[in-house]
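Sequence annotations record features per position, and here Swiss-Prot assigns region 'Disordered' to 1-21, 275-296. Residues or ranges marked as site 'Transition state stabilizer' by Swiss-Prot: Arg105. Annotation comment: Swiss-Prot describes His109 as active site, proton acceptor, evidence class sequence analysis. Positions annotated as heme b binding site by Swiss-Prot, on the basis of sequence analysis: His272.
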Amino acid sequence: MSENHETVVSELNEESGGGCPVAHERAPHPTQGGGNRGWWPNRLNLKILAKNPAVANPLGEEFDYAAAFRTLDLPAVKRDIAQVLTTSQDWWPADYGHYGPFMIRMAWHSAGTYRISDGRGGGGAGQQRFAPLNSWPDNGNLDKARRLLWPVKKKYGQALSWADLMILAGNVALESMGFTTFGFAGGREDVWEPDEDVYWGPETTWLGDERYTGDRELENPLGAVQMGLIYVNPEGPNGTPDPLAAARDIRETFRRMAMDDEETVALIAGGHTFGKTHGAGDPDNVGPEPEGAPLETQGLGWKNAFGTGKGADAITSGLEGAWTPTPVSWDNSFFETLFGYEWALTKSPAGAYQWKPKGGAGAGTVPDAHDAAKSHAPTMLTTDLALRFDPVYEPISRRFLEHPDELADAFARAWFKLTHRDMGPVARYLGPEVPAETLLWQDPVPAVDHELVDAADVAALKVRVLASGLSVSELVATAWASASTFRGGDKRGGANGARIRLEPQRGWEVNEPDRLAAVLGTLTGIQEEFHAARTDGRRVSLADLIVLAGGAAVEQAAREAGFDVEVPFTPGRTDASQELTDVESFAALEPAADGFRNYLGKGQRLPAEYLLLDRANLLTLSAPELTVLVGGLRVLGANFRQSSLGVLTATPGVLTNDFFANLLDLGTTWRPSGEDDNVFEGRDAATGELTWTGSRVDLVFGSNSELRAFAEVYASDDAREKFVRDFVAAWAKVMNLDRYDLA
């Protein structure tokens, strides 16, 4: 077979004789990404519910990364990384003889894709190795940083994931240049395929910015200003060198990564204390990114034809220069430089806007990165000047200038938050450098400090719950509302902590605050009665009781359908306090839509069925789990405001497969209601009599060919028991998504 990739692809795309005379292009071969989406690009992409299948993991299902990581001698690993940092390689020479700044950028850009709005992105799975992130313009030449670390990865093998290694290398880089970090936690397990479930923006060209509307309003859930950037354009908005306009972009993008103004200033200043930018020549000299590079480059991209193509001739961002006189040492020189000069606009050799001291000041104060006989003036970026001229950032920056110890502490904490924000609860942290301090952004829950309920207690509590007057609908809806806040990306949310009783969750529209308060009041009464009757110190948290009550309701509904099942329940959840709940941070978890409850908030860009798929993805559900849960929740009456939409049963509150049987009934015809594009009417095909109403979410299980295949399984006469047992299994999975103590 030919070794020339381009020739092979060209031949594949050439029209063969006898083809359609108007077919100017061939559809891609399946190996090139062809398939159904080429014909129907708007069809539901259920593949996002089959992420990282076990068959794609070369380590096998039995591999335990946490156990493997615990075998590491972490100080020895860090020494090996430190050795890499100060051993310059001819194929990619280190600036100033130290790869530390390079590794900080790599770690930052690994973690910096995180956005709080949907919990996706971040460094938790090592996605920087894969497209599109490995080829983003903002990640230029970071392929070399990972190659430099390959000897360390090779030595420690599967005990050290790429995801952990990239973040750890950033920490070691900081420490090797004199900075004291806040800590490090391992536990990021590698995946083996790119994330196909992250919406990075609508643009189809690098650095496009179609994501804005109105007065520079950035589309949710995006966290960067242009396609292929981590945060902001360092030259200013769309390359306009306006520090105040840049400050607005900085504030918005960092806020979307859960950083406040002080953390933002500390991160930018701390990161730009080290290293330099690279723009030695015309960027047209730079070749394609890794994903577009020829086969023989072996995954390395951005080949540079300017001069030697490396070292002093490197081209990455197009900006050129260092911020401080001490680019590989931790000190306060960033702010000393920022406030020590007046700045004039200039351009780099690559033509990018940047700033230099006015009147030739600062000349000779900055060492050259590769030639000790040369020196330069410092350089600042438009985004750096924002820290001096923005009225909010400026006093923070001056305080850090005058109090370097405060900068060091703020940067250490912000760096730890940046690199650990998507790891979820502290229970997932591994290693000897995990900080002892509890941090609000970690969504802390108390440790269990009491005896847990046993099987007899659980049985007695179920009896009390079912005799309380609360309906199956109320109990199921409350448990679902508590647990379904979980997000698989950043591992936030879930039932542990019972934060559904706290602000902001108790006030969310989707949770029906008045109804929720009544249910929680009754459950709290049951909890208090249980505690009052105990003399052995045994307790049940409200978090546990909410889940237990929902399970009891499911069991009751199954019994009424003729099936005796037990919903798995393991106590051990605790109740968080309002003081340890960041209201603003938790507000990001509020569902804009929840198809499982047939809830659709106002102003949604996507139709309801796409939003259902997105929520199922956040809940780490498979397509069959999604299907059985919707069908079960409909007949259990868990809809928002007890709506009849999709309640395709004559016996609400009974766990039957009626939703599927009636949806697929050939005697029913469906048509839009005419009043609401999310509502459809199901009428008797013979009489025209209105029989049911349903939403887009409901009808998609009959319309989409893949979902219909699952629906047909559960609608079958022999699937009644299977439906119940599959629903119980999927329900239990959702209730336990945040129970890392059970792993």
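Even glycines carry a Cβ here, placed using N, Cα and C.
Shown on the structure are the features that Swiss-Prot records.
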| residue | record | contacts (Cβ under 8 Å, 6+ apart) |
| --- | --- | --- |
| Arg105 | site 'Transition state stabilizer' | Leu142, Ala145, Gly271, Gly275 |
| His109 | active site, proton acceptor | Gln128, Asp138, Asn139, Leu142, Ile230 |
| His272 | heme b binding site | Trp323, Thr324, Phe334, Leu381, Asp384 |
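DSSP classifies His272 (heme b binding site) as coil under the three-state reduction.
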